[in-house]
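So the structure is just underneath, and the comments pick up after that.
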Amino acid sequence: MVFRKLPGVSASGMGLRLSQKFVFLLFLSGLVTEERLPAGKTQEDPTLIRSKTESASDRAVLYDQSANSDFFSYKKFKKCLLKPPLGRDNGTPSDPRTSERREKVKEMMKFAWDNYKHFAWGKNELRPLTRNGHIGNMFGGLRGASIIDSLDTLYIMGLMEEYNDAKEWVKNSLDLNSNGEASLFEVNIRYVGGLLAAYYLTGEELFKDKVLELGEKLLPAFNTPTGIPRGVINLGSGTSWSWGWASAGSSILAEFGTLHLEFVHLSELSNNPIYREKVMNIRKLLNKIEKPHGLYPNFLSPVSGNWVQHHVSIGGLGDSFYEYLIKSYLMSDKTDDEAKTMYYSALDAIEANLVQKSPGGLTYMAEWRGGILDHKMGHLACFSGGMIGIGADDGALDKKQHYLDLAAEITHTCHESYTRSATKLGPEAFRFDSGSEATATRLSDRYYILRPEVIESYMYMWRLTHDPKYREWGWEAVQALEEHCRVDSGFSGIRDVYTVTVSHDNMQQSFFLSETLKYLYLLFSDDDLLPLEDWVFNTEAHPLPIVRKSCLQDEATQTASK
């Protein structure tokens, strides 16, 4: 079976959301039930329309400017943080039970890492049952996804021997001169995000050099009539194209909408505005085109700038677009008012059209298909509890408590999807129909692939409320992972969460190391470990610092006057 990647999902075996065949069937059903959206306005600025030949000049300009290593001062950056990244005592909690639970999560990370290193070193992911490595075809020939995804996790956990091994691999073995089919989205959130986070946490110039080299290889994907990037790029030739399963050659909302955080930082580090310009151009187009009921459909033509289908989802295909709106505002030190306006307008539309309450009182996010609701919520959509939570304080005064309550309700629903299974782990998707609530009613939705989104919301809700139930729910997840997903040589996803006689999928996803275990560790740490006042997490849980332009400029002025 040939598999294709959907946003936020690994392209390996059971790590996929859907097989190519199933996506094709889904696409056909969409053609039957959905009409074409009103035509949008195409990009008006001809300077942003780039041909393949122009991509070479993009790269040359970036190379020249990024060669100025004095432009970005790491020392100045550190002075602009409000708190030390690792806290006063590495975030160690004073409560003995919480500290013990945190140590357990750290042990899980070391166990997962040690087995990856022993059996799959340099490959993208570990197959723990067969004790070998998996490469896949999603990263265009890039290797070491689990290494890049683990750098910051190892560092914040104080696993310094393991971190140094990872750093040495990046130094000696990370080859960016690959020539294959790469997902722009996945390379950005895992490799670019992972290298950026490693640099900002450690100050190691190695990571900065690597991420700037990689960043310029992504630019040709934007050479379309609208500036909306295509989803697949050959990192060697610069040729880009849309996914074969994407309707009418469209680009995916959660892919082209999940670049902003990383690309802003690429501009910060390189002194080249091109990255920021690319993502601001995306926003410019999205602001121009008509949105049905204020909603953003999942498929957009990179040629015409028109929506292609009426499918709206806060889960797969749409999810991290919304996440990056509020996080762009927060990462700008709350100066990006355009991102703020777009986020709260989108949230209003989501509440009006997608948020539902079940007969049993559970709040959930349905999907929208041409005006018809599909009462399904995916595991991926469970990130939205945390998203709405971190945006609550900056909402309208009369809505702040409402948003926090909504965040808590959604997080509660996602916890219910865990508690209603035999393994106490959640399915890939759960439904609210035919008398069933928060339960997977289809065999194809019953699997769990070590996903982080529910635990992610626990972590944010703990930080926002300090309600002890979130730590208890996180500990339930730790126990379930240990009992059902831990095998002799790592951790593996399972094919059916509704039976304790589990069948493992033989894949230790890299996002388990980057996200699931990191969020659990933060959940059981004090709030001063990667404090939210200084950091936002990209959609792969890589921490990126808030950009305090005024502080950086003041520091530069003071330095110049000395």
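Positions of Cβ are set from backbone N, Cα and C atoms, glycine also.
Curation does not apply to TrEMBL; its annotations are automatic.
TrEMBL has this to say about the protein:
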{"type": "SIGNAL", "residues": "1-34", "note": "signal peptide"}
{"type": "ACT_SITE", "residues": "Glu186", "note": "active site, proton donor"}
{"type": "ACT_SITE", "residues": "Asp319", "note": "active site"}
{"type": "DISULFID", "residues": "Cys382-Cys414", "note": "disulfide bond"}
{"type": "ACT_SITE", "residues": "Glu428", "note": "active site, proton donor"}
{"type": "ACT_SITE", "residues": "Glu453", "note": "active site"}
{"type": "BINDING", "residues": "Thr539", "note": "Ca(2+) binding site"}
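In terms of Cα distance, the recorded positions that sit within 10 Å of Glu453 (active site) are Cys382, Cys414, chosen from Glu186, Asp319, Cys382, Cys414, Glu428. Note: the Cα of Cys414 (disulfide bond) and the Cα of Glu186 (active site, proton donor) are spaced 25 Å from each other.
The CA atom of the residue listed as 'Ca(2+) binding site' is located 18 Å away from the CA atom of Glu428 (active site, proton donor).
Look at Glu428 (active site, proton donor): DSSP puts it in coil.
Each residue contributes its Cα atom, and for Glu428 (active site, proton donor) and Glu186 (active site, proton donor) these two points are 19 Å apart. Across the structure, Cys382 (disulfide bond) and Asp319 (active site) are spaced 9 Å apart at their Cα atoms.
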